[in-house]
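Chemist: I grabbed these lines from TrEMBL:
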- 63-82: transmembrane segment (TRANSMEM)
- 102-122: transmembrane segment (TRANSMEM)
- 134-153: transmembrane segment (TRANSMEM)
- 159-179: transmembrane segment (TRANSMEM)
- 200-221: transmembrane segment (TRANSMEM)
- 227-247: transmembrane segment (TRANSMEM)
- 286-307: transmembrane segment (TRANSMEM)
- 319-338: transmembrane segment (TRANSMEM)
- 350-372: transmembrane segment (TRANSMEM)
- 454-475: transmembrane segment (TRANSMEM)
Amino acid sequence: MASLEKEGLVEESRSSISQESACISDLGNLDSAEASKSSNIFSVFLEPIQWIQMLSSQLNPTFIIGIVIVYGLNLGFSGSFFKVVTDYYWKDVQKVQPSVVQLYIGLYYIPWIMKPVWGLLTDVFPIRGYRRRPYFVLAGVLGGVSALMVALIGNLPAALALSCFIGIAAGMAIADVTIDACIATNSIEVRSLAPDMQSLCGFCSSAGALIGYSTSGFFVHHLGAQGALILMAIPPVFITVLGFVIYEMRSPCLHPEKQKKMGTLGVAVKGMYQTIKFPQVWKPSLYMYLSLALSISTHEGQFYWYTDPKAGPGFSQESVGAIYAIGAMASMVGVLIYHKTLKDIPFRNLLFFAQLLYGASGMLDLIFILRWNLVLGIPDYFFVITEECISRIISRIRWIPMIVLSTRLCPLGIEGTFFALLMCIDSLGSLTSKWGGGMVLHVFHVTRTDFTNLWLVILIRNILRIATLGLIFLVPKADPSDALIPQDILMTHSTVTSDDEGLELVPKNDRSPELLLNL
């Protein structure tokens, strides 16, 4: 009996010990689960910082700063603020019809169409031995002076105001083409980081646009459309400072002869001509132009309707800025979606579905113009925010792969010039879209007060977007990491400019063997 009692006590002690250990393990699992949750929360905030640190370690840190300033402040903030304020300027100060405003806005694209000229200047004509720094300074001075003129001089004629706006756009374009030359160089030398660089550009521009849109309505309301333009002089100051801060190796030949310059210019032009003749280059370039041109812009007609209290919902300045700001946040979501899940998908597959969704999302504008949202019981403000978010996400997912594709088409040595040429083609497509939309608005008699046929104009735009799918065969099936142009062209042009390297954005001694294998 005693032995049985002892065995029972031992069993009870064993069971109690196992229960205690089970409880301890459960508590440990709970603690580990809570720790993992907290670590996941911290990782959300730490991951972007680690990503930036990774890019800075592989690329020159001043290059990363340049992207933040040019894309975040110059293009993101200035572009969004400029868009809203100039819309109100033409509508309330100059009192211009929406179709005419679209023609004026089309002229803003002239400096962007001239990007090959700026690219040739940065690649071929260094100033005091520098190829990038002086052009940042030039961009800042030109943009700042133009912004101050239109903001401080009252009762400007429409032609002079338009000239100042084109000057502001020229400052943006010159700064953009200068940093794009650096991006194209790094995209060729470090192929694996090309999508990451474009994601950084997209994120910075979206973050800057968020700030610009959020503040634009407030400043227009309190300072007026013309007074708010004074803020457009702030980003050029940072661009000018960037020209003195960004790291650039000075060329040993400080005063090259004019004949040598012209010879280098001839080589660059010849290289551009030889490259654009390849089907791998001109076919996707044609697609990018047509996809932009065929999607005619109806923005000004919709903007006038949005702000009309009788025919439309009558949104205030603050409401317009808030709607665009939420759209900018959605653009950032689009960048994250592309970076996390879509950056390795072949170009043709991704652009096909992006264009399909782009055409389908345009139908939301049609529903809003016809006020079917009220029939469905959806308030105007909620519906327009939903439509803006969807269209911005899809537009960003559609745009980034086209930019990545453009960087993959650039031959080394004239990468700044050729990337500027491709961006010029895109700007020409945007100009065609603006002018085509302005002509359609004029033909269908959409004015400051008459929006009867606005729904028909939007329907035509949506049909053209869907029709663009028939041109998807022009886009290559290649992955973003694949080489799209012959290697001998890259080698030929790289030897031409080997004596004038310009910016040393990727430190040669810091490149990992994996990155060297991708060259």
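For all residues, glycine too, the Cβ spot is worked out from N, Cα and C.
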Chemist: Taking residues 6+ outside the transmembrane segment (102-122), which of them lie with a CB under 8 Å of any CB in it?
Modeler: 86, 90, 96, 131-132, 135, 162, 165-166, 169-170, 172-174, 176-178, 181, 265, 268-269, 272, 297, 299-300, 416-421, 423-424, 427-428, 430-431, 434-435, 437-438, 441
Chemist: What stretch, picked from 63-82, 227-247, 286-307, 319-338, 454-475, has the most CB pairs under 8 A with the transmembrane segment (350-372)?
Modeler: 454-475
Chemist: Determine which residues of the chain contact the transmembrane segment (200-221) at the Cβ level, with the cut-off under 8 Å and only residues 6 or more beyond its ends counted.
Modeler: 52, 55, 64, 67-68, 71-73, 75-85, 88, 183, 227-228, 231, 316-325, 327-329, 331-332, 334-336, 338, 396, 399-400, 403
Chemist: Based on Cβ pairs under 8 Å, which of the stretches 159-179, 227-247, 286-307, 319-338, 454-475 lies most in contact with the transmembrane segment (63-82)?
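Modeler: Per the Cβ under 8 Å count, 227-247.
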Chemist: Is it true that the transmembrane segment (454-475) and the transmembrane segment (159-179) have 3 or more CB pairs under 8 Å, sequence gap of 6 or more?
Modeler: no
